[in-house]
Amino acid sequence: SLSPPFCCPHCRKRVSFEEYISCCSPCLHALVSRNHKGCDLMEQPTAWENQTNNHWVRKRTMGRKTSKKHAGVNTDHTVESVSGGNADDNNRSHKDKKTTHVPQTSFLRKQIDPETAKYFAEIANAIEGTEIDPEERSVICGNALEETRGKEAELATDYIISHTLQTLLEGCSLDHLCSFLQSCAKNFSHIAADRSGSHVVETALKSLSFQLQDNENHSLIEHALKKICKAIVVNPVDIMCNCHGSHVLRSLLCLFKGVPLEEFHSTKSSVGLAERLNLKAPHAKDNVSLQSVQIFPSLLKKFISEMLNAASEDISKLQMNQYSSLVLQTVLKLLAGNEQELLHLIRVLLGSSAGSANAGNLLEGITIRNILRLVEETAYSHLMEAILEFAPETLYNELLTKVFRKSLFRMSSHHCANFVVQALASHAKSQDHMDLIWEELGTKFRDLFEMGKSGVVVSVLAATQRLHSNEHECCQAIAAAVCTGDEFPKCIVPRILFLENFFCSRDKSNWSWPHGTKIHVVGSLILQSIFRLPSELIQVYVTSITSLEEHHVLEASKDPSGSRVIESFLNSNISGKQKRKLVAKLRGHFGELSVHPFGSFTVEKCFTTSNLNLRETIVSEMLPLQSELSKSKQGPYLLRKLDIDGFARQPDQWKLRQASQQSALKEFYATFGPKETKSFEKEESFLADTISKSKPGKLKDIRKEIETTLASAKTSNTPFLAHQVSKKVKRSKDEKKRHRKDGESESKRKKIKV
């Protein structure tokens with residue numbers, strides 16, 4: 001019955017609802033833990049139990065947090081590929097949700113006695129939300145953890161008490177922390193595979209990672225970790241294939257390596273995508289953190305070896321399971337740089353039965369058809385991406401030539417296997433590898449676009465750019481895939497910007513710019529990559545983008561992806577005349593773009609590229625919007641960089657400052673810059689069409705001063721900047737002497753007057 005009095009099922013007292021909450025909370029803890037998902041004694045809760053549980057949870061605010069700040073220990077343990085993101089916008093998890101189910105061994109969790117539950121409720125009230133002296137807090141947490149001895153599994157898997165345990169593990173000493181973990185070793189697999197227990201274990205591991213800063217603690221921590229490892233390798237498959245256990249294992253592996261747990265688990269897919277498209281140096285940050293710190297290297301290798309040996313008969317299960325795939329990806333990443341260990345591990349993961357292999361026959365005994373079939377599965381395709389990323393060159397070469405060669409286009413058309421093709425292109429080691437990939441995919445770009453596999457195209461483009469192989473051919477193939485006939489090359493850029501919209505249209509011959517439609521992200525990435533190539537290879541793209549209508553350029557500048565394309569074009573090594581041709585199309589709209597969240601970046605690039613006349617136009621259009629600019633995010637920066645206040649007060653002086661800055665920059669590049677630099681040539685320079693309109697006398701004087709300074713620097717063998725600094729210092733000293741003399745003469749005059 002939902003009406004009082006309530007009958008407590010443990011003490012058999014008939015009490016009111018409020019009395020039940022305040023007096024019988026230990027009994028409530030037992031009921032909540034009895035109905036825990038991780039327990040095999042599943043009972044259907046009655047209506048009053050649900051009501052009481054919800055009230056208790058709301059009252060104590062014990063809900064699991066799933067914010068980004070706590071991504072390392074979230075409740076759902078979101079499945080994510082460790083190897084990073086992909087350029088393709090096809091999601092494997094939505095199209096293929098098949099995974100291998102691994103039965104979990106049954107675990108009978110004992111019921112928590114009321115006294116224990118009441119004790120931890122009192123501890124929670126004493127330490128949570130109150131300010132306690134750190135030493136006193138450590139003593140309280142240590143004493144409370146001693147009470148868990150022999151009952152670790154029951155308490156850690158209880159939904160409410162597990163929160164209290166997390167607080168205790170964060171505040172206790174290292175001795176109590178290691179003692180708790182050693183006591184958990186017996187039932188570690190069951191605790192780690194539980195929804196609540198996994199958070200307790202991860203909190204303990206996180207607390208251990210903070211203690212690693214002191215080298216004296218390493219032996220004590222290593223002893224506790226060895227005991228946990230021995231418990232895991234007895235049956236590693238269950239914990240690897242569990243959604244919670246997988247996360248715990250990855251945290252444990254990171255702890256062995258000394259890698260920050262949160263940074264490793266919260267790796268964004270955009271980071272991997274940036275590396276694949278040459279937008280970021282590959283593993284620039286990760287390599288430092290993974291190689292500079294070696295906490296327990298021998299323990300890491302031994303644990304991985306024993307874990308794989310124990311799971312050798314279940315490798316096929318580990319290959320197909322999404323959670324075990326994440327563990328194996330983590331292992332590959334942590335072993336980066338250890339070629340021998342990687343070779344052995346990868347051959348095991350690929351299913352090799354040979355005990356050893358000679359150079360050139362590393363994949364001997366592996367069924368190639370089996371690998372080609374497995375890459376069409378979600379979990380295995382993620383694993384194969386990591387294998388290709390970290391495989392030594394000899395193994396990568398055999399995978400490409402013996403396994404995937406002559407199957408690349410078929411794989412590219414599959415919603416999972418196409419990501420493996422992207423990884424093959426992104427991690428190609430030499431021009432020979434790129435030639436093999438280009439041979440199969442170079443003539444299939446239009447087919448790939450029509451199938452929605454544009455990610456394969458952009459990965460191949462980035463690889464050709466990185467290895468300087470088939471760059472021109474790749475640009476021509478992309479242009480031919482989107483535009484042919486009389487409209488060539490005018491239609492190239494618009495169709496790539498709206499790649500999906502164009503190839504989904506029924507009447508492609510009459511397709512036009514779709515107003516109000518967001519620009520395609522992958523199409524934007526393709527154009528950004530193309531505009532980083534030498535200008536002589538991309539003339540058709542230059543012609544196409546400079547042929548855009550004015551309102552099309554304006555619309556693209558306001559789009560988050562389109563503005564990136566405009567900026568990449570203005571940053572390219574294309575002639576200044578072509579750049580200013582595009583900038584001129586935005587005349588009359590610089591004001592509205594400057595207060596736009598995306599257009600403001602375009603305005604900055606336009607100002608940098610423009611000559612004096614265009615710069616004056618940009619600033620004059622922004623001048624009436626000074627108040628709005630000061631309130632926007634990018635506005636204050638633009639106001640300072642473009643010196644809009646200076647232009648409003650003294651336009652002539654502003655023009656002279658702009659001209660002198662560019663003149664000095666031109667002279668500097670002429671003297672110290674590379675010979676091939678063309679951005680400051682006379683016909684393309686900032687002053688080309690304005691020098692005659694400015695005051696020639698002052699500009700000549702400025703130029704003479706720069707020339708004499710450079711000449712004196714050469715004769716004295718003193719660097720230009722050092723010479724300038726010394727000159728300024730000398731001037732400042734002369735000024736101080738002059739002021740001192742003036743002050744002395746002034747004081748003398750005052751004395752005479754007196």
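Yeah, the Cβs are placed from backbone N, Cα and C, and that goes for glycine too.
TrEMBL: automatically predicted annotations, no manual curation.
Quick look at what TrEMBL annotates:
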COMPBIAS  62-71  compositional bias 'Basic residues'
REGION    62-103  region 'Disordered'
DOMAIN    79-465  domain 'PUM-HD'
REPEAT    547-584  repeat 'Pumilio'
REPEAT    585-620  repeat 'Pumilio'
REGION    715-754  region 'Disordered'
COMPBIAS  725-740  compositional bias 'Basic residues'
Counts of helix, strand and coil residues, the repeat 'Pumilio' (585-620), according to DSSP: 27 helix, 0 strand, 9 coil
Summary of DSSP states over the repeat 'Pumilio' (547-584), given as helix, strand and coil counts: 29 helix, 0 strand, 9 coil
PLDDT averaged over the residues of the repeat 'Pumilio' (547-584): 94
